[in-house]
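Below is one structure, written out as structure tokens, with a few remarks after it.
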Amino acid sequence: MGKAPCCDKANVKKGPWSPEEDAKLKSYIEQHGTGGNWIALPHKIGLKRCGKSCRLRWLNYLRPNIRHGSFTEEEDQIICNLYISIGSRWSIIAAQLPGRTDNDIKNYWNTRLRKKVLGARRDNHLPRNRRHSFHSVGSGNPNIEPPQNISASAMERLQLHMQLIGLSNPFSFYNVPVLENKNSMQTLTTDAVVTTASPIQQLNQPCFGVPTCSSSSSSNADVDLHDLVYGKENEPAKPECFTKDAEMGWWESAFGLQTEEAILENGTLGFYDL
DNA sequence: AACTTACACAACCGCGTGGCC
DNA sequence: CGGCCACGCGGTTGTGTAAGT
């Protein structure tokens, strides 16, 4: 017994929205709101669309103050930092980028930013259901087999993290017996990353690649996230928010919207799910 | 010019969660 | 307390188009 479908699939239209449909939905919601019931909404307007589809269209496209178009360097950095910290919690990441939708950010990460950070990939030749799998994430070394019990997302974040702390081979630690299984990995994560400092403190550490206020932080092998994304050459001026007063954490200066306490209270930071 | 490949973005699907009865 | 339902989220797929051959 499966879950009941949210709508009568035989009688709903699928595919791209027409301008007429957009106009209907937009004008109705602007006048009446959603009424707290997306399922009923398309019937009220006379749209042959699933309520879920209406909701998605509104949230991702029709809603006021939506920003489309290219992402700024500052947004790139925020996305990268948060992805490392919390993984693919796109809605949480989107909450830090006013005007951006989770869908937008997810697409942007999957199609462009990931390549910027982790290197170009050529996996479109793979069947759809094999895209985004771990092996295609560009470690560049086919001989290194990742452990199979770690999610692709987690591995990707680990890889990014390793790049940021300057390890040329992101999987080199698999040579260490104690790290060969996920439990050990969890131990590593828990002991070495999560509990040694508050998440905010961790993020203020160079190893998270955050462009700290002391931009000379890149001692020895540390790699600045900005360098990773944009390269060291032609280094543009860093966003002001990342070079402000040393007393202001990068988090506060970058996000401003939420205090560290609020973030911690919301449980939105930490090195999740590795 | 025609065809193929790669890319970007929109939209769909299925599942987890929380509110309500 | 348990079941139902709608919502929200993240993963995945579809589609249009630009770039390459």
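Cβ from N, Cα, C; glycine included.
Summarising the annotation, TrEMBL assigns domain 'Myb-like' to A:9-62 (among others).
According to TrEMBL, the domain 'HTH myb-type' annotation covers A:9-62 (among others).
Within the domain 'Myb-like' (A:63-113), the DSSP-based counts of helix, strand and coil residues read 32 helix, 0 strand, 19 coil. Among the features that TrEMBL reports, domain 'Myb-like' is placed at A:63-113 (among others).
For the domain 'HTH myb-type' (A:63-117), the predicted model reports an average pLDDT of 82. According to TrEMBL, the domain 'HTH myb-type' annotation covers A:63-117 (among others).
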